């Protein structure tokens with residue numbers, strides 16, 4: 001489908017907005033342009049984001065900045081080992097004046113929830129949050145409370161090798177559309193950071209670059225992005241490889257491949273393209289697929305990153 | 001007698017084959033690895049063909065000659081088929097699960113088809129163990145579990161792996177031996193003992209209690225968002241002292257020590273066996289326990305990883321790290 | 001310890017199928033109770049499989065084996081070795097069915113099945129037989145494969161595919177072995193198989209006998225002429241034997257005295273050389289055109305100038321013959337011979353004797369006697385295959401009452417009249433005619449072409465052929481029998497659906513001739529291959545030597561085995577690329593020579609960027625290639641303009657390299 005000039009015009013206007021958003025966030029999170037774009041891709045694709053990294057890498061800053069540029073209501077929950085599900089989704093407390101139970105909404109009732117260190121809490125509490133993420137509503141004492149629209153969760157977690165954590169089970173990881181790592185800043189960014197003396201504190205709130213209306217229009221446009229048969233072939237070869245190669249304990253699920261396609265559309269749209277190319281798939285393979293795969297036991301020492309790189313080298317684009 | 005010499009020949013062949021190639025982690029079968037010889041059934045097939053040939057000769061019947069030639073050709077063609085049913089197959093040693101001495105350890109192998117071919121009725125076995133039959137029909141790889149009885153404590157190897165096939169007609173047997181780098185850990189054979197002698201608890205409270213440690217109240221701290229409402233100090237709240245949360249700490253002193261010196265009357269292998277028994281039992285009852293062996297001390301703990309660590313120490317005691 | 005293999009269900013089903021296929025042709029020959037027993041065993045085994053009953057106790061099997069053995073000996077008789085052996089094998093085969101449970105039992109059954117399938121070829125050797133046995137071997141191989149197929153993936157059809165994949169390449173190897181492996185004679189005396197039915201002339205002729213033969217379209221023999229022209233139909237008299245002795249009702253063949261022919265030279269003239277493949281007749285006679293001058297070993301010449309095999313022909317045989325076409329056989333007649341050819345019973349057929357006497361008194365010349373007789377026949381005699389019955393004085397009845405008959409009647413009447421008139425004469429039995437097959441250039445002689453005629457001895461000339469039938473029904477001699485006799489009720493009465501009957505339908509006739517031609521080649525090149533092998537090999541390889549034969553064996557084997565190995569071990573080739581991708585591949589290969597090939601998994605866009613960086617002069621072109629590629633592949637702009645632009649860009653790139 002060819003875009004009409006008007007669409008195109010609108011498209012480029014929208015892309016400018018997105019660029020501005022990226023630029024704003026980058027003033028706070030230095031040198032993480034790609035990660036910022038990926039986070040936006042995830043949110044535009046209506047998925048939840050998992051950021052995995054060591055403490056102090058700027059995970060929280062990124063989440064906060066995203067909330068601001070998107071103009072979303074924001075809540076932050078620090079997860080601890082003694083947290084209960086009610087601490088997230090809310091409690092019904094007996095109101096003596098009304099002599100009835102009154103629902104006190106938990107922090108989950110927000111448009112953008114930052115769930116910090118999600119792997120610090122017990123599986124029970126984790127699953128309460130993840131269910132809310134999946135269903136976009138909370139049911140308590142037989143009453144269903146819908147969550148606001150849009151609803152995003154940005155969860156952060158420490159790498160599972162850290163002590164005293166409850167790693168998320170694979171089935172739960174699958175609920176996150178993407179998992180990204182921030183990593184150490186590059187030397188230039190770090191120098192800038194150091195010269196300013198401290199972690200950049202927010203002096204004034206970031207301007208809202210993309211409002212809710214824009215968000216809806218972006219989602220609509222992403223659905224129009226073309227996916228050709230050749231591209232689907234390529235995607236299928238990748239998925240097939242992950243299912244057959246012995247390095248993987250199990251391959252990509254159909255949900256995983258759908259997620260990949262959805263993200264690739266958004267990614268292509270953000271580049272101002274009307275069709276998906278293999279480059280999009282390749283760029284997003286690690287963040288979208290990485291946490292859904294598990295390396296087989298015998299392939300010790302390789303992270304999923306190395307495996308995915310190998311996968312990209314093994315499966316040809318052409319053919 | 002014949003059988004004996006046959007098995008001696010087989011042992012010789014095996015030794016020769018294994019001398020040619022060392023232990024491997026992963027291997028693709030090629031012509032310098034695959035041996036092929038007619039089976040007894042193949043021998044009788046040839047005899048049948050020759051009898052038919054004799055029939056053709058004696059009755060000067062060219063069609064019977066033809067039938068005999070066809071069977072002989074079939075034999076020749078089946079050499080290739082049998083060979084190709086192993087060729088290109090790659091075998092990777094994935095790993096082994098530890099087990100108790102005298103039990104069957106589980107070894108896992110991965111078979112992968114070379115190119116997109118089917119492999120049918122391939123038998124895998126450790127020497128003198130029952131074979132496991134497997135196929136790669138339609139799928140390109142398969143995990144195979146083989147079992148072998150653990151002979152002694154510590155690391156052990158199951159011996160050479162025999163990969164063979166009779167497919168398609170059973171006239172020939174193609175086989176190869178390979179020494180894998182698989183090794184399994186054998187824990188000591190558990191030796192039941194009625195009770196844990198007194199003195200095994202670190203603080204004298206050696207009775208087996210409910211494994212869940214109780215919680216001790218430590219103090220109050222200011223309530224923060226995200227804290228469990230269960231921990232809210234309602235009494236203080238009602239007293240108008242603001243929202244506080246109770247702080248708890250786990251008591252960490254109900255622990256059992258499994259000590260090498262608990263049973264002085266036993267020899268050292270039996271002690272290890274007894275320790276193994278108690279390790280398994282305590283792990284089942286979710287009690288925290290630690291292990292003291294001469295030169296080894298594992299602090300008390302719980303859970304599967306801890307159990308593995310303790311059992312491993314028992315298995316390897318006095319054996320070096322390998 | 002090896003596990004005990006229990007047969008899978010497909011394996012069992014294949015075994016039962018194999019047993020049925022192997023048994024069907026044998027069961028037509030065996031005593032009726034053997035196939036029944038086999039069916040019973042199959043049923044029992046099926047019930048066992050379904051869990052309805054259990055395997056029989058060993059004592060039951062033992063009893064059944066003993067009974068079957070005694071039964072087979074009793075109903076076949078010990079004289080007939082091969083048939084008895086097959087019957088016993090079949091009995092054991094059927095009983096073994098009740099034992100198959102493990103792999104070993106199944107193997108015994110399968111190997112016996114191979115053997116039984118091959119023995120079927122001893123009993124019948126037509127092309128159909130061979131094809132049937134080939135099918136049986138295929139199914140047996142499938143059954144064998146089913147025994148070894150994976151227990152986890154039991155499948156009914158896979159064994160058949162596997163058997164085909166094994167047998168098809170085995171066929172050319174078989175052919176090579178068939179051609180090359182030298183044939184040796186029988187190692188020891190093996191009793192011949194009893195032929196199902198042999199047809200042919202018998203050693204007596206009563207004027208009804210030949211009619212039995214006219215009911216059969218079975219092949220008598222086939223002849224290929226190797227030199228000399230093929231004689232016209234009217235000259236195709238195949239002499240087999242002479243009937244010398246008449247007892248009043250029947251003529252009997254000459255007693256076989258082993259004296260050489262009394263005449264040594266024949267007048268010179270052109271020779272006819274021909275090769276004859278003769279079907280088993282149960283008689284030693286070999287039919288030759290007038291008059292044979294030499295024949296291949298082990299035939300010998302009888303005094304009456306006919307050819308004899310050393311024993312009765314119970315198997316198909318092939319001989320090389322040479323004849324010289326002559327009007328008469330110049331043979332002197334000794335005293336004893338003369339009296340033999342004038343022999344008549346002391347009494348009987350008085351009217352015929354009287355007629356002969358009268359004619360002789362009027363004109364004693366042989367010519368006039370013959371002419372008068374033929375004229376008599378020509379007057380109001382009728383040629384028919386269903387003549388009325390004759391009384392005690394058969395010749396009289398025929399000559400003066402019924403006047404209807406066929407060759408036997410006319411020949412015996414003529415011979416009788418001549419002998420009664422004092423002229424030596426004898427009846428010749430043989431065949432007349434033959435059908436020319438244009439596809440393989442040979443003459444096919446069938447049983448219904450059996451014929452009887454007369455040879456008359458002229459002083460000074462010798463024996464001269466006189467065919468009285470030709471006087472009555474000249475068409476019988478000039479046309480083929482099927483053309484002449486098609487409307488006769490007795491003709492081909494044994495084979496009502498014989499294709500010969502429909503000879504007048506043109507295309508059907510051609511089809512029939514083609515089938516005949518195939519049959520002939522089959523006989524020549526397969527069934528009698530051992531007779532031709534040396535000549536063929538010499539023609540193919542010149543002077544034979546061991547290394548030549550080894551090479552002839554090794555080369556095709558190497559080719560076939562190499563091909564099979566290749567097809568088995570070959571990697572599946574990658575999917576063929578379409579034009580867009582293959583153009584890209586070419587470009588990448590060209591660039592690859594400079595270390596700029598596209599890496600596996602590298603998207604075209606990234607690749608183009610890499611190339612552009614390394615070779616700035618190519619930048620616009622290679623980026624255009626990538627852009628067009630993306631347009632074609634991913635943007636859905638797959639139209640001719642873009643394709644053309646893409647090809648242009650690739651070509652431009654190539655030019656710059």
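Our numbering is plain: 1 for the first residue shown, then up by one each step along the chain.
Using N, Cα and C of the backbone, Cβ positions are placed for all residues, glycine too.
No curator has checked TrEMBL annotations; they are predicted automatically.
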Check each of the ranges C:88-105, C:106-123, C:196-213 against TrEMBL and return the one annotated as transmembrane segment.
C:106-123
Long-range environment of the transmembrane segment (C:106-123) - Cβ separation under 8 angstroms, sequence gap at least 6:
7, 11, 15, 18-19, 22, 25-26, 29, 82, 86, 89-90, 92-93, 96-97, 100, 129-130, 132-133, 136-137, 140, 143-144, 147, 193, 196
Within the same chain, where does the transmembrane segment (C:129-148) have neighbours whose Cβ lies under 8 angstroms from its own Cβ atoms, ignoring anything closer than 6 residues to its ends? I mean 6 or more beyond.
7-8, 10-11, 13-15, 17-18, 21-22, 25, 103, 106-107, 110, 113-114, 117-118, 120-121, 158-160, 162-164, 166-167, 526
Which numbers of helix, strand and coil residues does DSSP report for the domain 'Transglutaminase-like' (C:399-470)?
24 helix, 32 strand, 16 coil
Averaged over the domain 'Transglutaminase-like' (C:399-470), what pLDDT does the prediction give?
86
